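Structure record follows, encoded as structure tokens.
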Amino acid sequence: MTDDDLGSPENMSPRKRNVKKRNSNELSPDDRVGDAAATTEAEADYDDEDEKRVRRIKSRRQLERTHFQMVNERVVEDITVDFLYKPHTLTILGVLVVFISYKAFTGFTEAQNATDRNVYDGLLGTLGLFLVVSAMAFPNGPFIRPHPVFWRIVFGVSVVYLMLLQFTLFQTYTDIKTVLTWLDPTGLGAENLDEKDYAINCSDVSIERIWSHMDIFAVGHFTGWAMKALLIRHGVLCWYISIAWELTEIVFTQLLPNFAECWWDAIILDVLICNGLGIFAGLQVCKFLSMRNYHWESIRNTLGHRARFKRVVMQFTPESWDDFDWGSFTQTIKRTMAVYVFVLIWLLTELNTFFMKHVFSVDTKHPVVFWRLILIAFISAPSIRQFYLYATDPLIKRLGMQCWVYLAVCALEAAICVKFGISMFPRVAITPIVIWILFLVVGTFFSVWFSVWWAKKSSATTEIEIDGENCDIYLDSSHENLGAIHEDVRRRRRDLGFSESDIN
């Protein structure tokens, strides 16, 4: 057989024969119909795949919006007392108009000190009106107990505080002290602050000396950490933040001498007794009330230490070299970074408390310090829930509004402390700050590792098989290992017709 015979149309495959006919413009009508049909079918398959991909994208976006709505504004679906959940907007408007009119026409006009009193009443009236609007218009947030209106008002107060901080940042120190003196000449008008020195005769250790330090501040430590345990709902993380705060006090003693204290005061009284008992009490209340724990760590495992090491090495090589599940590793890194950011924000909030009262010479016993702590506690509760879901739920792509406002509050408080306190403090040594940051990095990784180890050793987890892989999951969470997705979210998924394939 010759080369010409091999290249003849009779000895060619149909595909090659069609190619040669196209090249020589010798396509028959039947070939043209066949090629058109094949092209149409391929285009139809491509359009069908493209349409499916678009549907999956739309479905996932809808699911993400649904999740965010559950985080940012939960809806009360099972209403037992219908009267308490009706808007009553016209009734509220009528009562508000009558009350404002009464206060406006019966207020001081020409009396002595009328201007100060009228300004004070006007500010309170403005605040009250804004909170009424907040109760009707702001989102509920992630909590609905005791009532959504309560959390909408908390959101409103946090927005007012945020605006107040923003206004304060652009004022002068003299003007701020003038306003504080006008509000409370005795408590807020002081120019200097006398603070108690705790680092005296540290070598004198006795039961009587230790007991003498059990003052109102020790009670504050206990109740404060009991509340923090209720907010964080994670024993290891609470202990880690408690120890990290004692190191933070040591680092920033160069700026705030009041942070200096004896070693036994910091270790025995603060960490072990007051903070430890407070954490224990708070976690016991969580258990008694059957409150869902927050699982900040990711416990999805790869079998064997060799496989874990291989996964770390493969992180720096092309993914196509091996069929590897990268989700668990990246999820672990994301959780660890979330814990690190969370601890930093928490310590910054604590530092803002001490720096602000020092910069503006406000005594710790003044009511404004107490009520600020209460405000921070209330706005941090939904903020922690929203940040937790943002860090652990892959379907939530943005922060909740209450968490956003809380982060803005922390940033503005820190900016105010730096602007008005930079001239009051000595030059800061950089080395302790660097050591502090490195400690937080190492401490965060260790606390996450210890949390994973403790979760696997305790009865809080179990091992099941998912998609052919053995995975540890928490008993109080779904196989998604989120821990805080409520039953109403799952029910909303079913109502909207979402399947597990839409989530993954």
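Placement of Cβ uses the backbone N, Cα and C atoms for every residue, glycine included.
Residues annotated as region 'Disordered' in TrEMBL: 1-49. Taken from TrEMBL, the feature transmembrane segment applies to 90-108, 120-138, 150-170, 237-257, 263-283, 337-356, 368-391, 403-422, 434-455.
The stretches the transmembrane segment (263-283) and the transmembrane segment (337-356) do not meet in space: the count of Cβ pairs below 8 angstroms, excluding pairs fewer than 6 apart in sequence, stays at fewer than three. Same-chain residues lying 6+ beyond the ends of the transmembrane segment (150-170) with a Cβ under 8 Å from its Cβ atoms: 127, 130-131, 133-141, 143-144, 176, 375, 378-379, 382, 401-402, 405-406, 408-409, 412-413, 415-416, 419. Between the transmembrane segment (237-257) and the stretches 337-356, 403-422, 434-455, Cβ pairs under 8 Å are most numerous for 337-356.
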